[in-house]
Structure formats: C-alpha cells, structure tokens
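Report on the structure given below.
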C-alpha cells in the first residue's frame, strides 16, 4: 500500500479516502452498538452480541447492499487499511488480556483448563473429519484435503477469547470461579489452535522454521526488557502516581514493532503479544499505569469496533443452497463438538452439573483467530473460493450470535446457580479461595489493611487461593461531579488532584505502601478506587462487594490512635457509613480498630512472633470470628490463642472441654447459648476447630470462668497487655457474661466486648470486630 494514501486524499472526484471512510464506519459501529446494547441489555445480552449486530447492519447484507453505501465503505485499497487497523486493535487487546489475566487462578486450575481444552479439541477434530466427508462432494473439492481439513479443524474448534472475556465481564462473572475458568479455557483453546496451526503450516511450507525460532527469541527478549524497564521507570519520577504518557508509549511501541515484524512473515502474532502481557511484572507503578491507561479505551472503543468488524464481514448474498447447507452443518458441528467435549471433561473433573450447559455454550463463540485463519493466503488452493470464504465467515458469525444468546438465556433462567454464595467464613473451606476487601480512606488505614492481609495470607506459596483487594475510599464533596469523562482526567489519569481530606496525595502513598509490601512478601493486592458522596458510600461498597464476590469486608474504625497513644475522632460521617455497611452488607463485615503504635504490626518484616487472641462467648458472630482465625493460625509469625468464656451458671452442665483432651489446667468455660440449637452449633464448631488446630499445637486454648459482666471486664483488663490483636464477634446476644457491660457502651456498632476493648485505656492492642452476614443486599433503606 502506498504510504502517501494513508494520510492524503486520493486524486480525482472522490471526497473520502479509505482511511476516512474507515473512521466513519467505526463511528457508525459505535453508535449502532450502543443502540443495540440499550435494547438487549434488559434481556441479559452481553456487549459483543450487540456489537456484532451493529456490524451486520452495516454489512453487505443490509446497508452496504445499497450501491452508494457499498461504494463509500468498500473502496479500492480498503482491505489494506482494514487489515492494518485490525492488527493494531488485535495487538492492543491481546496485550491487555495478558495483563489482566489471573495468573494465580490459572496456575491452580491448569489441569482443569488443559483437560477441557484437550477434550474439546479432540471431539471437534473427530467431528471435523466426519464433516470433511460431507464437504468434499458437496463443494467439489478434488485436491489438498489435508489443508482443507486443517482449516476446518482450527475454525470449528477455536474459541474467540476476546468475545469470552468481554462477555464474562459484562455478566459480572469475571470474579467468580466459573467465570475465570471459562476465560482460562478460552485462552488455552485459542492459543493452542494458533500454535498448532502455525507449526503445521511451517512444516508444510518448510520455509519459516528459522523465522519462528527468531520470533521466539524476539518475544523472550522483549519480556526481559520489560522486566528491566518496569521497575526502573517508576524510579525516575517517584512522586508521580502514574508513569507519563510518553513512558507508557515506549512499551506500546516495542509491542507494535514485535507484532509488525512477526505479521510481516504471515505468522500470527497473538501468542507473542499475549505472552508479553502475561509475563509483564505485576507489581508496581508500571503495571498499574498500563492497566489504567489501556482498560478504558480498549473496552469502550477498540473491542466494540473489532466485534463490529466481525459482523461487517457477514455476507451471504452470493451463496447458493448448498452453501447454506454448509453453514447449517458448520454451526451444528461446532456447537455439538463443544458440548460433547466440554461436558465429557466436566464429568471427568467433577465440575458441578449446574455449569455443564453454560461452559460449552460460551466456549462456542468465534470471531478472532478463526477469521485470521480464513483470511490467510490460500490463493494457490483451487478449492479456496470467495464463496467458501463467505460461507465460513457467515457460519462463524451465526455461531457466535447463537452461542451468545443461548449463554445469556442460561444465565437469565438459572440466575441462582451463578449467584454470589460465599458470604460468610463459617462454611468456607480453607482450601478454597479466600477473597477479602479492605477499605481505606488514607495511607494510615491502608497500612492497617495491609497488616491484616499479611496476617491472613499465612505462610503460603503463590499458588494458594488467597485474593486480597484494597478499596481506596474518596469522599466526594456534594457539589463536585461524581464522574469525570476520560478526557477530563489529569496526566495521572485520576481525579483533579488525587487528594482527599485525610492528607495530600493519599493515593500515591497508598500505592507506595502496597508496592513495598508486594516486593517484600510477593503477595499482590488488587486495588479498587471508589469516588462517591459520603451519604451513598455504603451502597457503593455493598454493590462492589457483590461484584467482587468477597467473603468479608474490613472497614476502618472512625477513630485513630495518635502518636501520644490517645484516640481522635475522624468524624460522625465515617461512623455512620460503617453502621450502614453493617446493616446492609451482603457478606461478613469486620471493623478494624488499628492501634498501629502499641498494637498489631504487619507480620511480614516484623522481627518477633505476635500474640493474637480470639474471644469466644458464643453465637454466630463469634463463630465467624473463630472461622476467620483459621487463616491466622496458618501464619508462623502469629501465635493464636482462643479464649473461651463460660458462665458459672452452666458449670454444672456437661462442658465442651470434656470432649477434648488438653494439658492446660486453666479454667475452661461453657458456651451459654440462647437456645439448645445455638449451643449445639457452637459446641460442634468449637470442637472441630479444637481438634484441627489446638491438638496439633498450632493454636493455644484457654477457658475463663466468669459470673457476670463486671467479672468479664476484670478478666479483659488482665489480658489487655498480653496480646497485640483481639478478634471478637460483634454480638453476644443476651449472654449473662456481658450483663451490665452495656452501661458504659460508646460505640454499639462494635458490640459490647469490642466497644470495651476499643475504648479501654487498659487495652493497648488492636481490635478486629467481626459480624457475620445477615442480610441480602436487595434494597437500601434511607438511613
């Protein structure tokens, strides 16, 4: 293509060159896709379906069937422009997918994804071979059956990972187990197809083996360069929250150079670009900048245009009856292959039956590598005609639309199967992924949240299921715009100044604290920013809790400890926000009273073992607090002690301790439940915890016999200096051991015991008050 035509108008009477018409086409796709999305969203349809339909509207089937429109959109040399910009769009979103992919989840579920990929590929291959027997006489193919079989195999077995990623995100399944497994399978299937096809074609041609080796070296070299640049660039401007736009451009230029070089040899660059993204260093300012700068334009502009271009390729005008039959066969074989292969793998892997229909349906979508392979140069193959090409493209588009509609229908009709379930810790197995969300207004709260993350992470390897998230809460003044347009952001990509009323540039200090912790502990904390008015903040937190599917949310207490050891009130608005979250929270809630000077310190980097105590009076909140301590017990830098309080009135009853063997001769107290069922639940849970952790020596166990509330206060004062952190449930009900303690209660949101520990001058430890999930987040009452 003549470079002069890229930016200049053609000579003659034409008003527009292909570049201009392409941009107009992109604008039309965005407009139509928004209209379709508004119409289809109430039905549960994902964005890609609406965007493909927008492309079909502009395709030769509809608007481009009009001669003037066709002449406008499909000009001379237009194919070259479409090819180049398709490459640029593809490079950007494959790199972003690599940056965003959950590596820890993919490692943990590698076997599942690999088995599903293999099973799907094998079944699709067998059905492709059977279909080949039909297509050879149907289309009169007389030579080179193997190449046609390869094209058919890769086309039918492929899954378009960008369509899957975007659909899963629209359905808000990208934080749940099945959603991330679907994304992993889609990536495995697509990358396997690309690698297999490239290798086979290389051996057939015998001309690009050396080039493939050089491309591999170039990809590895860029990965190594990124590993050097990623930590070095932030040091140039340590006071900036993000890298500059010029520095960001450096990474993208390197990426385009590699991609263009590979594509110039007719080799697909998707694998290399994705590998560069997935191997990019995940911690630090550079990764955070790339995610922040690329996410919005790619999700809102690049992907819609790319999906629209898939629909624009749809053309069935020139097809005859036998090719329509071919479309039907391809659609049926594609979906059947995915269903048989994926369901067989699900049976082998013992994946719950409720996901058996959804997985193969969404994995049947096409449109990425399939189209690239169909656009390859088969000019020397006599069987490869424009009609066969249009038939294959039409089949892929129809398959994607059918699969997308069916998947959304399954989600709509079986919504409970995909609902947010792990809302409490009591029934949460420690082998399952623990997702926690810590909220922070400023760097002081962030450091306390990091301490909790450090404690709960235990002595784990990178493959263990633990996902911490930190939400930076920025209260918005009433008269300030709650949302800024993308072009209204500053150079850092954030708000006007990134500040809040707790101090200057809190966001930068929070980032630095998280980066420092990640560097020392190798634990990555995902960051979320919430900018909203204080009166609505509790609702936004609850919405985010459901979207992120966390099991417990940690909120900062509305008071903080000063350097002199005294406490200062940060404001009643923050206290009221905590109360609202406790009232409406869709999962368990913890309020962290951080005495960072005299209390709990971050275990990672701390020289000595810290002593932590959990106080057990009985009831669902205390069981939830004890359940949380199962993760604390796995941390070798923490010595955990369970202190159970038993009323003297229940001493005559059969104590829980009689069912346990223990060497400790201190007084052991019985749980006084509000009813027999509650007592049995407490007893059963405590015995299970005792047998698992106490008998093995991981956790200490003490019984305290008390008569009333004042006696309990005396014991709490005695142990106040012995521990750096107390973990306690919020509510003890009408327990006689806390009677008359409410007379001195200052903060009811902490519960009777938690309020005393947080306000007493005799206690210097930090306090974590836990409330079990009580309400479903369906609606909010005006507080």
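Quick reminder: no glycine exception, Cβ is built from N, Cα and C everywhere.
If you look at the transmembrane segment (19-39), the same-chain residues 6 or more away from its ends with a CB under 8 A from one of its CBs are 5-7, 9, 45, 47, 49-51, 53-55, 57-58, 72-73, 75, 78, 81-82, 85, 301, 304-305, 307-309, 312. Among the features that Swiss-Prot reports, transmembrane segment is placed at 19-39 (among others), with the record citing sequence analysis.
The annotation transmembrane segment is assigned in Swiss-Prot to 43-63 (among others). When Cβ-Cβ distances below 8 Å are used as the criterion, the transmembrane segment (43-63) is approached by residues 25, 28-37, 69-70, 73, 163, 166-167, 170-171, 303-304, 307-317, 365, 367, 397, 400-401, 404-405, 407-409, 411-412 of the same chain, each at least six residues removed from its ends.
Residues or ranges marked as transmembrane segment by Swiss-Prot on the basis of sequence analysis: 81-101 (among others).
Summarising the annotation, Swiss-Prot assigns transmembrane segment to 121-141 (among others). Counting same-chain residues at least six beyond the ends of the transmembrane segment (121-141), those with a Cβ under 8 angstroms from any Cβ of the stretch are 148-149, 152-153, 156-157, 189, 192-193, 322, 325-326, 329-330, 333-334, 336-338, 340-341, 344, 383, 388.
Sequence annotations record features per position, and here Swiss-Prot assigns transmembrane segment to 145-165 (among others) based on sequence analysis.
What Swiss-Prot lists as transmembrane segment is 186-206 (among others).
Feature annotation from Swiss-Prot assigns transmembrane segment to 208-228 (among others); the stated evidence is sequence analysis. When Cβ-Cβ distances below 8 Å are used as the criterion, the transmembrane segment (208-228) is approached by residues 198-199, 201-202, 251, 254-255, 258, 261-262, 265-267, 272, 275-276, 279-281 of the same chain, each at least six residues removed from its ends.
What Swiss-Prot records for 242-262 (among others) is transmembrane segment, and it gives sequence analysis as the kind of evidence.
Within the same chain, residues 25-26, 29-30, 32-33, 47-48, 51-61, 64-65, 82, 86, 89-90, 92-93, 162-163, 166, 327, 367, 371, 386-387, 390-391, 393-394, 396-397, 400 sit at least 6 positions outside the transmembrane segment (300-320) and bring their C-beta atoms closer than 8 Å to a C-beta of that stretch. Feature annotation from Swiss-Prot assigns transmembrane segment to 300-320 (among others); the stated evidence is sequence analysis.
For the transmembrane segment (323-343), same-chain residues at least 6 beyond its ends with a Cβ under 8 Å from one of its own Cβ atoms are 116, 119-124, 126-128, 130-131, 134-135, 138-139, 155-157, 159, 185, 316, 356, 359-361, 363-364, 366, 387-388, 390-392, 394-395, 398-399, 402-403. Look at Swiss-Prot and you will find 323-343 (among others) tagged as transmembrane segment.
If you look up Swiss-Prot, you'll see 355-375 (among others) marked as transmembrane segment.
Sequence annotations record features per position, and here Swiss-Prot assigns transmembrane segment to 391-411 (among others) based on sequence analysis. Residues of the same chain lying 6 or more positions beyond the ends of the transmembrane segment (391-411) and with a Cβ under 8 Å from any Cβ of it are 43-46, 48-49, 52-53, 56, 151, 155, 160, 163, 167, 171, 310-311, 313-316, 319, 323, 326-327, 330-331, 334-335, 357-358, 361-362, 364-367, 370-371, 374, 418.
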